[in-house]
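Per Swiss-Prot, the features are as follows:
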- G10, S11, G12, K13, G14, T15, R127, S135, Y136, G198: ATP binding site (BINDING)
- 30-59: region 'NMP' (REGION)
- T31, R36, Q57, L58, V59, G85, Y86, P87, R88, Q92, R159, R170: AMP binding site (BINDING)
- 126-162: region 'LID' (REGION)
- C130, C132, C149, C152: Zn(2+) binding site (BINDING)
Amino acid sequence: MNIVLLGPPGSGKGTQAKMIAEKFNVKHISTGDILREHVRNGTELGKEAKKYMDAGQLVPDSILIGIIKDRLSKPDVAGGYMLDGYPRTIPQAEALDKILPELKQKIDVVLNIDVPDEELVRRLSGRRMCKCGRSYHIIFNPPKVPGKCDECGGELYHRDDDKEEAILNRLKVYKQQTQPLIDYYTKAGLIANINGAGEINQIFDEISKVLSKFQ
């Protein structure tokens with residue numbers, strides 16, 4: 001079973017990805033991780049990607065699809081995989097559609113974790129940081145003493161990109177980028193929309209019901 005996982009920042013996608021990989025025995029392939037691995041190992045693709053990353057530019061699709069193809073060619077994905085962070089755009093989805101037949105693979109389902117904006121803002125704006133690196137959440141993971149770090153007693157602060165205006169901006173960019181992709185996979189009959197507003201286990205139950213059809 002091969003899955004594409006979509007979800008906005010704050011949707012709990014990372015948590016669900018771990019649970020899916022464990023229960024359904026599929027390889028979790030995070031684009032960011034494999035890109036960094038290529039750069040670390042100094043592969044040809046990694047060297048190319050590093051030039052763009054060092055210049056603060058986006059890595060071109062032609063390099064990304066090479067890195068994805070390389071990963072999907074490895075024997076450990078034979079039992080199935082879950083792509084997380086790729087594709088993000090229509091050209092990337094089209095590039096993926098081109099290479100999959102060469103690898104004798106196909107995408108079975110595209111999980112789209114859907115969460116209302118106000119819930120995403122609540123989740124993301126509650127984060128508080130300490131200079132020592134610890135992070136907290138005023139609702140989900142509060143410090144023992146409000147405003148103080150449990151580890152070092154330091155003053156907690158609210159990062160600018162965790163403030164409501166910045167979050168709404170990030171979500172707007174995500175939607176502009178991802179909506180065409182959702183439409184693309186809806187047309188292909190692959191989309192499964194998941195209500196991501198509930199509790200972690202509740203969301204996972206819904207995902208499990210969808211995925212059990214492909215086992």
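Backbone N, Cα and C atoms are what each Cβ position is placed from, and that goes for glycine too.
As the structure is a computational prediction, the values presented were derived from the model and not from experiment.
Features recorded in Swiss-Prot, as mapped to the structure shown.
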{"residue": "G14", "record": "ATP binding site", "DSSP (3 states)": "helix"}
{"residue": "T31", "record": "AMP binding site", "DSSP (3 states)": "helix"}
{"residue": "Q57", "record": "AMP binding site", "DSSP (3 states)": "coil"}
{"residue": "Y86", "record": "AMP binding site", "DSSP (3 states)": "coil"}
{"residue": "C130", "record": "Zn(2+) binding site", "DSSP (3 states)": "coil"}
{"residue": "Y136", "record": "ATP binding site", "DSSP (3 states)": "strand"}
{"residue": "C149", "record": "Zn(2+) binding site", "DSSP (3 states)": "coil"}
{"residue": "R159", "record": "AMP binding site", "DSSP (3 states)": "coil"}
For the binding-site residues G10, G12, the one whose C-beta sees the most other C-beta atoms within 10 angstroms: G10
Same chain, 6+ residues apart, C-beta under 8 Å of the C-beta of R88 (AMP binding site), given in sequence order: Q177, T178, L181
Among G12, Y136, C152, which are recorded as binding-site residues, the nearest neighbour of Q57 (AMP binding site) by Cα: G12
PLDDT averaged over the residues of the region 'LID' (126-162): 94
Cβ contacts under 8 Å made by the region 'LID' (126-162) with residues that lie 6+ beyond its boundaries: 170
Other C-beta atoms that fall within 10 angstroms of the C-beta of C132 (Zn(2+) binding site): 10
Residue among binding-site residues T31, C132, C152, R159 with Cα closest to the Cα of G10 (ATP binding site): R159
Cβ-based isolation winner (fewest other Cβ atoms within 10 Å) among the binding-site residues T31, Q57: Q57
Neighbour-count leader, CB within 10 A, binding-site residues: R127, R159: R127
Environment of C130, C132, C149, C152, the listed Zn(2+) site - residues of the same chain whose CB lies within 8 A of the CB centroid: K131, G133, R134, D150, E151, G153, G154, L156
Binding-site residues compared (V59, C130, C152) - the one with the fewest other Cβ atoms within 10 Å: C152
